[in-house]
Amino acid sequence: SAEKGEFEKPKKKSASIFGYPISIFFIVVNEFCERFSYYGMRAVLVLYFKYFLGWDDDFATTIYHTFAALCYLTPILGAIVADSWLGKFKTIIYLSIVYAAGQVILAVSAIHDITDTDRDGTPDNMTFHISLSMVGLLLIALGTGGIKPCVAAFGGDQFQDHQEKQRGTFFSIFYLSINAGSLLSTIITPVLRAQECGIHKQRECYPLAFGVPAALMVVALIVFIVGSGMYTKTAPQGNIMVKFCRCVGFAIKNRFRHRSSAYPKREHWMDWAEEKYDKLLIAQVKMVLKVLFLYIPLPMFWALFDQQGSRWTLQATTMNGDFGLLTIQPDQMQTINPILILVLVPIMDSLIYPLIAKCNLNFTALKRMTVGMFLAALAFVCAGLIQLQIDETLPKFPSGAEAQVKFINMIEGEAISVNAGGHVYELKPFDVRETHTDTHAQVCARGFEKDNLAFFCKGANSIRFLNGWTSKLNVTVGESSFGDIVANNMSVYVSVGQGEPQFKIMDASGNECVFTQSLGFGSSYTNVIPPTFAFGENCAASIRPIMDISPNSVHMALQIPQYFLMTAGEVVFSVTGLEFAYSQAPSNMKSVLQAGWLLTVAFGNIIVLIVAEAATLEEQWAEYILFASLLVVVCVIFSVMAYFYTYIDPMKIEAQFAHPDSDELKRKGSFDKNKVHDPHGKQRKDSDSSREGDRAAETKM
């Protein structure tokens with residue numbers, strides 16, 4: 001029989017402190033370090049794709065979500081390997097080694113000096129860096145996904161049967177460590193990324209931003225190995241997901257073999273598995289399939305949710321991150337999510353849900369999930385409205401068939417006239433005029449556009465100097481140099497951070513002038529050194545800053561409402577969804593529903609990469625509204641499915657198979673119309689209260 005139990009040896013009693021096995025402290029520290037490693041790396045990943053590898057927004061988003069999808073597909077493989085072959089302990093060890101190797105490879109791929117032969121700060125062999133980073137990400141996806149279903153379950157294995165209370169406390173601490181690792185890493189790694197490093201040329205320090213998470217993953221592995229002698233290790237006993245899939249596969253195959261009308265129909269298509277599997281397993285599979293059917297619309301929620309790390313981060317790069325005492329990096333805005341989770345979960349549990357119950361409103365699990373979807377859709381409407389404001393502040397660069405020409409009058413005290421393309425412009429001293437025209441100079445103009453837009457979107461400032469003086473000048477700011485600028489020539493662009501940087505201007509004789517400029521976020525300036533410039537006490541007064549691109553004016557604080565709505569949606573959708581699934585699943589098949597839940601996350605990320613590559617929408621705000629509209633449609637579909645869903649009690653159904661005389665009940669399994677009756681004889685539907693399952697303490701996995 002497929003459901004025959006296997007003999008289990010009693011667990012050995014391990015050393016304990018305050019009633020808890022010492023071994024769990026190694027597991028909690030391991031989980032904290034691993035989550036720090038994962039979320040820290042992921043926080044800066046999309047910016048690495050765009051600004052280091054040089055990919056555009058759409059392709060960077062596509063690869064980001066391909067990676068995220070892989071991270072949620074591989075847990076199924078990890079669970080099967082752990083339960084059917086290696087066991088949880090060895091699976092965690094081996095895949096953690098793969099995981100740490102991937103993190104190290106990714107960090108190495110971000111070292112620009114490896115292929116920077118001309119020492120200009122840009123890798124000369126980008127194929128090498130791309131290949132290395134893709135190998136690293138593939139190993140990370142295999143590692144983090146493979147250990148995902150094992151670590152929490154392995155922690156639960158450390159407790160004796162009589163330690164239910166301690167086990168519950170452990171899971172609370174375990175999920176707290178997940179949040180702590182996520183929160184700290186999304187604060188710290190963007191700061192590390194914003195540092196400048198390099199042997200020959202300084203640039204954003206992605207090797208450090210990836211290197212610290214890699215080091216934390218190595219620490220996680222070492223800590224886990226140190227506790228090896230204290231763990232309770234259970235032998236692999238077969239994977240229920242394999243049994244589930246084989247049972248479903250046999251039912252489908254058997255039904256296909258007997259598709260002729262000569263064979264009598266059976267009440268449920270899963271009943272075609274009765275020739276090989278016992279009725280209890282079939283009844284359990286039916287319960288799971290009932291929930292999995294409700295999972296079908298769920299990927300659309302995750303399609304929106306996981307864009308916090310891609311599209312929303314890219315949106316933040318075009319915004320003003322000056323919060324007064326703090327300067328927030330674009331990739332640090334993601335920290336709002338774990339902070340709000342820690343705040344909203346207890347508020348929902350202890351205040352909102354009890355208040356709704358006192359008002360006699362039947363706010364069932366499926367209704368909560370519907371509300372969660374709607375809140376996520378509203379979050380994307382907010383993102384679209386903010387994007388409209390941002391678009392109004394973005395520079396208007398020429399199209400592919402045009403060139404942008406800029407005229408600057410450097411003649412002191414005299415206006416001039418310029419005839420460009422049939423248009424005559426009068427320029428006062430140090431006045432600027434831009435015009436778009438069809439000329440052979442469009443390649444140069446595009447270079448101007450590319451350089452400026454890259455700095456603009458990073459949130460840094462793009463600064464260059466025009467030397468109108470009589471001889472060569474050398475300009476530096478901090479560790480960066482504009483090089484030697486010959487007379488009547490322009491320097492290269494240099495990325496300069498927000499604040500009041502001091503530019504040092506020196507001539508061949510060693511004379512020095514310090515020019516201080518107040519800079520915001522994302523601006524571009526051409527600082528003109530006029531012919532009348534002279535070294536001395538007031539030398540900086542004659543330098544004229546010409547604004548090419550205005551600073552980012554839309555503040556990052558405007559993203560807070562969309563993060564609030566999305567996180568509120570996550571709390572009522574994800575936590576409730578796990579609770580609902582656990583309450584409706586047989587005790588031995590909860591892992592199957594967990595695997596199905598992770599698959600919805602994976603398919604949600606696949607939806608994003610399809611839309612990012614296939615959609616022809618030129619405006620980003622339109623894409624946000626498209627995703628919001630799709631989720632509203634899915635929300636309506638899900639609400640209809642939820643209305644017709646009938647809650648079941650798995651324990652009652654399984655109990656019917658415990659009585660050997662109840663042959664008829666065994667055959668039907670109380671699934672005539674997927675109805676289960678409560679003690680008062682009333683059917684329980686979504687309009688009635690569902691049985692409370694074990695509430696997940698947190699939703700990050």
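Cβ coordinates are placed from backbone N, Cα and C, and glycine is handled just like the others.
The annotation transmembrane segment is assigned in TrEMBL to 17-39 (among others).
The transmembrane segment annotation in TrEMBL covers 59-80 (among others). Note on the transmembrane segment (59-80): residues 42, 45-46, 49-50, 53, 91, 95, 137-138, 140-142, 144-150, 239, 241-242, 306-307, 309-311, 314, 591, 595, 598-599, 601-603, 605-606, 608-609, 612-613 of its chain, located 6 or more positions outside it, place their CB under 8 angstroms from a CB of the stretch.
Per TrEMBL, the feature transmembrane segment maps to 92-114 (among others).
Per TrEMBL, transmembrane segment is recorded for 126-147 (among others).
The transmembrane segment annotation in TrEMBL covers 168-188 (among others).
Annotation source TrEMBL lists transmembrane segment at 208-231 (among others). Beyond its flanks by at least six residues, the transmembrane segment (208-231) meets 14-15, 21-23, 25-27, 29-34, 36-38, 40-41, 44, 48, 89, 92-93, 96-97, 99-100, 103-104, 106-107, 110, 154, 158, 185, 188-190, 192-193, 195, 197 of its own chain at Cβ-Cβ distances under 8 Å.
Nonlocal intrachain contacts for the transmembrane segment (287-305), taken as residues 6+ away from its ends with a CB within less than 8 angstroms of a stretch CB, comprise 244, 248, 270, 366, 372-373, 376-377, 379-380, 566, 569-570, 573, 577, 580-581, 584-586, 589, 592-593, 596-597, 599-601, 603-608, 611, 627-628, 630-631, 634, 637-638, 641-642, 645, 648, 650, 653, 674. Residues or ranges marked as transmembrane segment in TrEMBL: 287-305 (among others).
Under the heading transmembrane segment, TrEMBL lists 339-357 (among others).
The transmembrane segment annotation in TrEMBL covers 369-388 (among others).
Taken from TrEMBL, the feature transmembrane segment applies to 563-583 (among others).
Feature annotation from TrEMBL assigns transmembrane segment to 595-612 (among others).
What TrEMBL records for 624-645 (among others) is transmembrane segment.
Per TrEMBL, region 'Disordered' is recorded for 663-701.
Using the rule of three or more Cβ pairs under 8 Å, pairs at least 6 apart in sequence, the transmembrane segment (369-388) is in contact with the transmembrane segment (624-645). When Cβ distances are compared across the two stretches, the transmembrane segment (168-188) makes no contact with the transmembrane segment (595-612), since fewer than 3 pairs at least 6 residues apart fall below 8 angstroms. Residues 34, 37, 41, 48, 52, 78, 86, 121-123, 128-130, 132-133, 135-144, 146-147, 150-151, 154, 198-201, 203, 206-207, 209-211, 213-214, 217-218, 220-221, 224-225 of the same chain lie 6 or more positions beyond the ends of the transmembrane segment (92-114) yet place their CB under 8 Å from a CB of it.
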